[in-house]
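Chemist: Summarising the annotation, TrEMBL assigns active site to Y157. According to TrEMBL, the feature active site, proton donor/acceptor maps to D198. The active site, proton acceptor annotation in TrEMBL covers H329. The Mg(2+) binding site feature in TrEMBL is assigned to N7, E37, D198, N200, D328, H329. Sequence annotations record features per position, and here TrEMBL assigns compositional bias 'Polar residues' to 449-464. Taken from TrEMBL, the feature domain 'GRF-type' applies to 584-633. TrEMBL lists 448-475 with the feature region 'Disordered'. For N200, the entry in TrEMBL reads site 'Transition state stabilizer'. Sequence annotations record features per position, and here TrEMBL assigns site 'Important for catalytic activity' to D269. Among the features that TrEMBL reports, site 'Interaction with DNA substrate' is placed at H329.
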Amino acid sequence: MKIVTYNINGLRPRISQHGSLLKLLNSLQADIICFQETKLSREEFTADLVMAEGYESFFSCTSTTGIGRTGYSGVATFCRVDSAFSSKEVALPVGAEEGFTGLLEQLRNRSSTMKKDCTLELPAELEGIAKDELLEVDSEGRCVITDHGHFVLFNIYGPRADHDDKERTQFKLTFYKILQKRWEALLCQGKRVFIVGDLNIAPYAIDRCDADPKFEENQFRKWLRSLLVENGGPFFDAFRSKHPDRAESYTCWSTATGAEQFNYGSRIDHILVAGPCLHQEHKLEGHSVMECHVTECDIMTQFKRWKPENVSSHRWKGGRNVKLEGSDHAPVYIGLSVLPDLPEHNTPSLAARYVPRIRGLQQTIVTLLSKRQVAAGLKNHGVSLLSYDSVGMQSCGNNSKRLLDDCSLSGSMSIGNLPTSNQKCDDISPSISKHMGDTSVEAEEETASGGTWTKLNPLTPNKMKTSKKARVGNSSQRTLGSYFQKTPNLSVGVDRTRSDILHAQEDATVDRNTVGQNGSCFLIKEGNNGTPVDNDCNSQLNLSPSVTAVDACSSSQKEKSDVALCEWQRIQQLMDKHKQVPLCKGHKEPCVARVVKKPGPNLGRKFYVCCRAEGPSSNPETNCGYFEWAASKSGKKGR
């Protein structure tokens, strides 16, 4: 059996990096996979995020509403199994618990049974600790416990606390104090306990790149070392037990300084094991789960973000030109010898497959209404189609009004309200019709002068060039394909020449000569004697813009773009002259600018540092440590 612990620094980006959750899990090639820092809330659960074929998953998510804590932390345990029911596999847990105080499970059960008066019962080992304090510590989604029969597995994401942050330091102390009580209670029952995860503690100086002489005096490092066998504790540090003297074996690197390039990090991801072995002689000296069943333990360095092929030089340049995919942690794995099967059992109720949002038994009001709206739309319109507003042409006079119901020259256009003889063409505003009517224009209405519009018979496809028909329905919603089509640029042009206009008779057919290659449509007005009458806004309605006008417009826009580009380049040159970026003393290279983000008197202040990646001071290719404050408003620089 293989167990892997991995701080993934966000489940979504890792799924995106590998293509799917299943591919991510399979890449680790393990039976039990423990993720930390999933950064998910239960409201965000979807099947593609928490479920994968062949795996059972168990999540703990943050439920606190503190500033900066929403969607923060979170752990998940994935177990690779052949069957989730009636299984004898050790990888499938016989029990699972969210959190480590036992209160979260009781609260969930009380909520599901609607019994608000149920009292919360504390585990015996936690009596004496206030329930509010326990719930506060257990509300950040930092622990999932799974019982695999032969051992109990704690998937832990330990809190981080800066030395000057008293509140978080106290939180971290309480967190590990409560956890230790749970571990000790299980060990007293003869259970085997495996603790895996990102504990945010490097126990020894060998586990830190820049450890100073007082490094090991930190209270959390002392506490972790006190748990280890060599200091009288019950736990083995699996990695150090297999590699006691291996230096520069790190699992986490700072992304802000590019420290991964020179392997300048720390080992804070651990696998601790305690308890007797499975042999009948397990009480004999030299028999333990570590010595009898752990075959290997190592860091999976192939998952590091930084690889030699990322760049060809040691220039990190402040991270501006290097984009790396992956977490800032590397996974750690442990191999166990074959463990005997368990009695038949089913997946515990904490499994993600039972979450209502995943099972589909629970719907939100928004989801329900959205589904009804979509269903109604499909019923009325079939599918979502491309539709446009019909072409409306403003009337310029009160003498007459003309309505053309269906003039579809390109299979998707129609015209309405054409101008009469007294109208001006300036008020003609083109748009695109919703209708897909025949390619015909009919006119019967008489004008004030007694004349009539001639009827133009349908245009046959072989007499005009048409573009592909746009599907139009009753819905105003556009299809995805419409965004990738060139939008028709319709304009109404006027040609004062009548040489191309045929003298139409009462039901004359539109000849090929009346329709240009660009799909122009001509309307002919007759007087009382049947002779053509010249309109104020002319006799030809051209639906395509003039080529000359388009060229002139394009040329004008290009000139404006060129002028804007030149002006911007000039401004950039002026700005560069006043930047005065300093050069670092070690490499004589331009520094990179940073801004102070830590609360304090210098919050928001700008400074410059060496652009190279952080690394050992003995390596001249690493960051030289140069620092300089940016110029203040008075023009003076600080050191």
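Every residue gets a Cβ built from N, Cα and C, even glycine.
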Chemist: Sorry to bug you, but what's the C-alpha spacing from H329 (active site, proton acceptor) to N7 (Mg(2+) binding site), rounded to the closest Å?
Modeler: 6
Chemist: State the mean pLDDT for the domain 'GRF-type' (584-633).
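Modeler: Over the domain 'GRF-type' (584-633), the predicted model scores a mean pLDDT of 85.
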Chemist: Within 8 Å of the centroid of the Cβ atoms of N7, E37, D198, N200, D328, H329, which other residues of that chain place their own Cβ, given that this set defines the recorded Mg(2+) site?
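Modeler: Those within range, site residues removed, are N9, Q36, Y157, T251, C252, I268, D269, S327.
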Chemist: By Cβ count within 10 Å, point out the most packed of the binding-site residues listed: N7, N200.
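Modeler: Going through N7, N200 one by one, the largest Cβ count within 10 Å is at N7.
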Chemist: If one looks at the chain holding D269 (site 'Important for catalytic activity'), which residues at least 6 apart in sequence have a CB under 8 angstroms from its CB?
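Modeler: Those within reach of D269 (site 'Important for catalytic activity'), by Cβ under 8 Å and sequence separation of 6 or more, are T5, Y6, N7, G197, D198, L199, T251, C252, H329, A330, P331, V332.
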Chemist: Express the distance between the Cα positions of N200 (Mg(2+) binding site) and Y157 (active site) as a whole number of Å.
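Modeler: Answer for this pair: 8 Å between alpha carbons.
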Chemist: In whole Å, note down how far the CA of E37 (Mg(2+) binding site) lies from the CA of Y157 (active site).
Modeler: 7
Chemist: Under 8 Å Cβ to Cβ from E37 (Mg(2+) binding site), same chain, six or more residues apart: give me those in sequence order, or none if nothing qualifies.
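Modeler: Those within reach of E37 (Mg(2+) binding site), by Cβ under 8 Å and sequence separation of 6 or more, are N7, I8, N9, G10, S73, G74, V75, Y157, D198.
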Chemist: Counting other Cβ atoms within 10 Å of each Cβ, which of the recorded positions D198, D328 scores lowest?
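Modeler: Lowest Cβ count within 10 Å among the recorded positions (D198, D328) is D328.
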